[in-house]
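Novice: I'd like to ask some things about the structure below.
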Amino acid sequence: MADYGNLGDVAGKRVLVRSDLNVPLDGTTITDDGRIRASVPTIRSLAEAGARVVVTAHLGRPKGAPEERYSLRPVAARLGELLGTDVAFATDTVGESARSTVDGLADGQVAVLENVRFNPGETSKDDAERSAFADQLASLADAFVSDGFGVVHRKQASVYDVAQRLPHAMGALVATEIDVLRRLTVDPARPYVVVLGGSKVSDKLGVIDNLLGKADKLLIGGGMVFTFLKAQGHEVGKSLLEDDQLDVCRAYLQRAEESGVEILLPTDIVVDTAFPSGDRTPEPRVVPATEIPSDALGLDIGPDSGAAFAAALADAETVFWNGPMGVFEVAAFAEGTRAVAEALTKVPGLSVVGGGDSAAAVRTLGFDESAFGHISTGGGASLEYLEGKELPGIQVLED
Ligand SMILES: Nc1ncnc2c1ncn2[C@@H]1O[C@H](COP(=O)(O)OP(=O)(O)OP(=O)(O)O)[C@@H](O)[C@H]1O
Ligand SMILES: O=C(O)[C@H](O)COP(=O)(O)O
């Protein structure tokens, strides 16, 4: 029998799959298809089991109305290439096109619906509006499979409400992601080292609060560094800074000292006088982290810091890394990220890379994905999991 988890035999059934196909695009060119590839196994196994697979997903953050640049059409085409089969595409989310596309599916065929965020009901904070949209989505299917791990922290119609309306199951990707992240929260093998970077500073400070009680070492790079350096009384020039988080950073440094957790900040920084853009040739300079000139901004951790971070990772049994160490998209500021990625490939224990940009960095810098224990498709979702927050898209499956 063609079983899919607790859904039983799915042959001939219309199965709505929520995937996270939110990939970076340059025009209509997909610059990193990692999330599409990660979504393939669940879609393929349902199709092979004879289901009529209806994929719903978002791309970017459109404001509840169609916008050509956020169309999933190129993503559906790439999915078809990866599956090695034609994938039908509906030009709306739950309208005429969606209905006729789903009606036209034979057993084992796959369709992708247009960007679910083109409908204002998807992300609405108004329960009635979200419910009405979820009713329409649910009417397109007989069962629901939740496989968009990157979006399970969102209480949105296609993630949360639709699961309340249909027999549902957790997809293989979500199950794998949760399994790996659980190993980071429940009795992780030690030493447990966490590396944090990137630019969404205030989003990520919350995770530090939780990790101070769990990790043995915390390595901080990327745009997060400067709020910490400033909190220690150093000048940071024009670097990324969240002034309203200075007290929070000071409190973390204090708590780390009291609880014996080692927080490693970079000792040298690669600076430039302007953020890289257009044709301007970067003019990188390495300066001590405590002496960032007033006209400069920090764009990467320096070589000494890269080596120190690598050394701190050398004996790690568990590592979680989120957020690049610098503006890795520009070669002059990619070396810190490369040093950390390289070190992660050598750790003796479990290494997890979490976050859309971190995963893209690893791939664009040419690392083989198999050199890492796990590359998570979730940025915000994996952080919220590690923060100990309840994820609505998981909780609804367990209810
Ligand atoms: N010193 C810095 N100053 C400004 N931006 C930086 C700095 N270091 C890294 N970045 C930028 O941070 C961005 C990635 O940060 P982000 O916090 O979004 O990472 P992520 O968690 O891996 O991704 P996502 O949240 O999309 O899953 C990159 O585009 C990089 O250029
Ligand atoms: O890119 C992500 O982290 C996920 O696709 C979720 O997207 P969102 O932050 O726009 O909800």
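Any Cβ shown, glycine's included, is placed from N, Cα and C.
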Novice: May I ask you to find which of R99, R154, R165, R182 TrEMBL records for the substrate site already listed with D20, L21, N22, R35, H58, L59, G60, R61, R117?
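Specialist: Answer, per TrEMBL (substrate site with D20, L21, N22, R35, H58, L59, G60, R61, R117), from R99, R154, R165, R182: R154.
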Novice: Besides K204, G298, G355, G356, D357, S358, which of E283, E317, E329, E335 does TrEMBL list for that ATP site?
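Specialist: Of the residues offered, the record points to E329.
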Novice: Express the distance between the Cα positions of G355 (ATP binding site) and D20 (substrate binding site) as a whole number of Å.
Specialist: 13
Novice: Judged by the number of other CB atoms within 10 angstroms, which among R35, H58, R117, R154 is the least packed of the binding-site residues?
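Specialist: Minimum Cβ neighbour count within 10 Å, taken over the binding-site residues R35, H58, R117, R154, occurs at R154.
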Novice: Taking the residues the record says bind (2R)-3-phosphoglycerate (R35, R117, R154), how far apart in Å are the two Cα atoms that sit farthest from each other?
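Specialist: Site span for (2R)-3-phosphoglycerate, by Cα atoms: 18 Å.
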Novice: Nearest by CA distance to D357 (ATP binding site): which of the binding-site residues is it, out of N22, H58, G60?
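Specialist: Smallest Cα separation from D357 (ATP binding site) among N22, H58, G60: N22.
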Novice: Distance check, please: Cα of G60 (substrate binding site) against Cα of G298 (ATP binding site), rounded to an integer number of angstrom.
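Specialist: Counting only the Cα atoms, the answer is 28 Å.
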